[in-house]
């Protein structure tokens, strides 16, 4: 109870400087000179009316959208002390001094800035590298259209923020589902997903599409969960409860023998070694004993280790151990490796001795690699699961399997049961099969801490509710009421124009100079994002067909990551874009921005995939990296070139403006003097 | 535990494995499946009675077919006047007999078949089919109605066979057949000269051959396999050739094929080459063959219709030159444009039409209040324009002036012949495309202002500087604003008579929208020259007619204040369609589904979804079902699933359609829904019987349940049959009416 009296109170904070830096540059790019221009810009004229109504507390009926977004904007006005007295009648009209322009525009700018580090987080949660995640965030940072849209009193950036938040928190939730379901953070992220979705729908009705996407992904996950027989199988469930399901590298486990005769027991080791010479005169390796022990004990804990890495902790995300993987088993309390060699076992001389390797520096090398063989697997890509999976541990060098011989060791072995290595070729027997009974993800790298961890009881959670679908029943279908007015606006466009950026919107023109703000995207990013989507679709189809023929180009976990990234990013693009073809209302380029955001998230994922899996040789990989860098500088260059039109702070000469008119259909305004 | 592989294949097998080509394979199937299949038939047949049973099956099929034909052909000749859309499709049948060209939004096959039926039965194509209610008198209309009724009657045996194939259960098939035979809606729709019976025939035939071919899957590349596969393709072509909604059955077959190929691909015992062969066979039979047939129907269509008729104006100048009687056929007109020529100007993009103006102004608030300029697809005097010089208003046709040809780069005025207003543009937003400028008719008697001046440019300037009729592709550039005359292709609202918008676009990008050609050309001062117009190739014609049809379909928008049928009305049988007659003295026919059947269908869909998801979750949870239930749930999930997919594919897309919708659009979906009902109730009753362990009681529940469904349907048909066969006398509100007490919903008007 009073643990804090015994141990000092320690606060450990992990600060990811990447996130901090990204937030900082995000804020800088969005907040810089936010109050400029001090004039009504484009749709501000429209949202402004509603803000004034809120400020004056006049009831109004608005058929165009839900009120939450307007209320958020009005909150900015409220905090800035706006009294609502301004006539919103003309784009370009100068704001009077009572309008707190900065605080009115603050909220969209903040949400726009936070989208940058969120892109980083999403890619990380999807399981991509820091490099790819940085790439995504940097692309968001220099996307001109996103900047323009978030620097003004408009709602798209708020919508995008909530969309991303919904996806991010769903990913966090689903990742904690694998490790610790029903934990506090699990609930937190689940709630946040719901909150973010409802906020997105509350800001604009089109937010419903992202909501549906998240719901669809969640339903697929839930459907797999229903099929997951581990959950709620009577007595078993009580034991699995609160324990992570999938055994990962760094997992701490106890291994119970399935045969369980003469008594049920767990794989065990302790400081004592095999006697140098047995009573019958045979010799032993004199290494640490490995036995099977019928009682719960701290010495029953083993750590699953990846032979290629040094860590004894579970990474983030956890890398699950699959059928066929080669692992090492490290004894938790002594940090020695489970080992077997061509030495006769103490009581069963026809089998091999199993020990925890002690390096006596005599010519007896350690042989501690074990191949995981999941006996009751459904496919060859099955993950090692707590309780459910019945596994054999097959020694790589000698092809023996870890087996409970059933004989009781003499006094030197404390009357525990003998464990031997038996040739696999002698046939299958349940005494060779083990399962993980207790399981937790190891967190402490330090041996002392780990001992402490091992002494603590395994995670047990309170009672659980089985109705997975119950939480989805809160679904409230809101029909999109789309007003159709056949007419077109001067700057309206059709969805087909958006992908190729064949349209722009002139937001504001300086009353005297030719400084102007345009909604214009970064062409390099737009083009490459669309290209990435196509590449993704083609590669996905290719892998899918080949997997069907049991040709696995990708390891299972990268395939799952690839699919999830596609489902959320390419899917997010599709659900936020395609429905516009059905809509009969007046459409503008800014309607495409939520879809574009998802496309931008997909782009680095595809690049990393190409680099990891398609560039096979290191020189090719470096060449590819160089190309990516060159491409990114290109995007930066475009960003800088278009910057005057994004921020509207610099008056360009007619010839410069003409030079910027890269497409005939861009309505860049050129003053005639 | 059986080896994983064996179990996997048995479970993943999509199709029940018996039927025509499945006989010898039953042995190869795992004992579970065979046992389940055996358990499904109500009694296990003794060896000797097998032949007897087969004869019984044939007799049952014959009975079902006979009953279907009897109900459909009963009182087929009544009423002897035009009912509802017979006025369209009968007329179009006549067009084929008379070989006059017409335009319709549907593909030609259905109307061609109607025409053929009429032709073979001795109808001479002279009846005018002017409006519903016109008496046929001596004209022979029975051939066409009989043809439609024949195809409509075949729907019932088709449904029977499909359900039999999917469920292997005679009672389920029988129930389905009864539902369809006794449905007044299907009956009514089959009795008249309409496209629907033909469409539904092809849809059901495609479904049947698909199901049959699925059950041949274990003998790939055998003769029956090829037969059913190519028959599926043929029927798909038929369905699409009648109406574009045939696309839905294509989607269904496509989905089935993809999942089929997916299973083949996952079967590692097949080599990639074999999978490739499978793929090729399907491409051949399900894509190439239907496309060829579909194209062939158009070839016949264009070959048969070689006379000019009411549809000419929808097509390009080159196309019209093919039609005898059209003024472009073997045309002889002045070749080069001269000042004073009277011309029609046609947009080069398909299905835009002629530059047109009329004595109506743009309404208040939409640009300047001047005369409208539009494009119009029909030939009309308002399409005529006179080419004049920009600076003189003298009549160039005055014989004292010499002929002066119009040249590339000339500045001209276009005067609208009927209203004497000039083609005009100015810096006002166009009505729909706000980025463009408005185009109007301006000026009085040809006197306007400098905004009437246009520079004429020839895009394909191979023939020198003169402008040639038909061949020169011209652009008209507004002199003052520098914009180009074009049509946006958008339909103007009611004030613009739903003609298409004409704008002047400031973007000089060269698109077909802003390129025109001169079609008609009248100039008495010039000699007429016979022109051999470039004949368009067949693919061009095909493409063009599709563009025109799609545009026509999009144009069928509901008018304001017009009552329209909504898709959600349909499954609940909310409102019918009046086929004939309104008053109590008329002979009235009312298209309305048999409410008992339809509401049963609706209930069944809900029940199916419930039962299906329970079973799916149970299977996903890994529950071991008893063999009997296992077999039933397979039928329910797989057979029923296909039918549910069919229902959804034929119903939900209508929610997305902007065009005007009618109640009869639901009938293909209704066929699928009835088949689902058959399978569902059969399964449900069997499950009930199974759960009541005692065998005599179980048998009783099953038989009683089934009989009550059959008899209930038949009785409801007895009640509602006057809807289809015709009612005379007072309306249903009147207690003396034959339909008294049967008006269960206020919205039914009979």
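Any Cβ shown, glycine's included, is placed from N, Cα and C.
Automated prediction, rather than curation, is the source of TrEMBL annotations.
The following features are taken from TrEMBL:
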DOMAIN    A:244-307  domain 'MIR'
DOMAIN    A:318-375  domain 'MIR'
DOMAIN    A:379-439  domain 'MIR'
TRANSMEM  A:58-79  transmembrane segment
TRANSMEM  A:127-147  transmembrane segment
TRANSMEM  A:153-171  transmembrane segment
TRANSMEM  A:183-203  transmembrane segment
TRANSMEM  A:209-226  transmembrane segment
TRANSMEM  A:519-544  transmembrane segment
TRANSMEM  A:559-578  transmembrane segment
TRANSMEM  A:590-610  transmembrane segment
TRANSMEM  A:622-642  transmembrane segment
>> With CB pairs under 8 Å as the measure, which of the listed stretches A:127-147, A:183-203, A:209-226, A:590-610 comes out on top against the transmembrane segment (A:153-171)?
In response: A:183-203
>> Short question: most Cβ pairs under 8 Å with the transmembrane segment (A:519-544), which of A:127-147, A:183-203, A:209-226, A:559-578, A:590-610?
In response: A:590-610
> In the same chain, which residue numbers or ranges, 6 or more beyond the ends of the transmembrane segment (A:590-610), come under 8 angstroms Cβ to Cβ?
Replying inline: 115, 119, 122-123, 126, 128-129, 131-133, 135-136, 139-140, 143, 145-146, 149, 154, 156, 159-160, 163-164, 206, 210, 495, 498-499, 505, 519, 521, 525-526, 528-530, 532-533, 535-536, 539, 558, 562, 565-566, 568-574, 576-577, 580, 624, 628
> Counting Cβ pairs under 8 Å that sit 6 or more residues apart, are there three or more between the transmembrane segment (A:209-226) and the transmembrane segment (A:559-578)?
Replying inline: yes
> By a Cβ-Cβ criterion of under 8 Å, what residues six or more beyond either terminus of the transmembrane segment (A:559-578) are in contact with it?
Replying inline: 126-128, 163, 167, 171, 206, 209-210, 212-213, 216-217, 495, 498, 533, 536-537, 540, 543, 547, 552, 592, 594-599, 601-602, 605, 609
>> Give the nonlocal contacts of the transmembrane segment (A:127-147) in its own chain as ranges (CB under 8 Å, at least six residues past its ends).
In response: 18, 22, 25-26, 29-30, 112, 115-117, 119-121, 157, 160, 317, 519-522, 525, 557, 561, 564-565, 589-590, 593, 596-597, 600-601, 603-605, 607-608, 628, 632, 635-636, 638-639, 642-643, 645-647
> Counting by DSSP, what is the helix, strand and coil composition of the domain 'MIR' (A:379-439)?
Replying inline: 9 helix, 29 strand, 23 coil
> With DSSP helix as H/G/I and strand as E/B, how many residues of the domain 'MIR' (A:318-375) fall in helix, strand and coil?
Replying inline: 0 helix, 26 strand, 32 coil
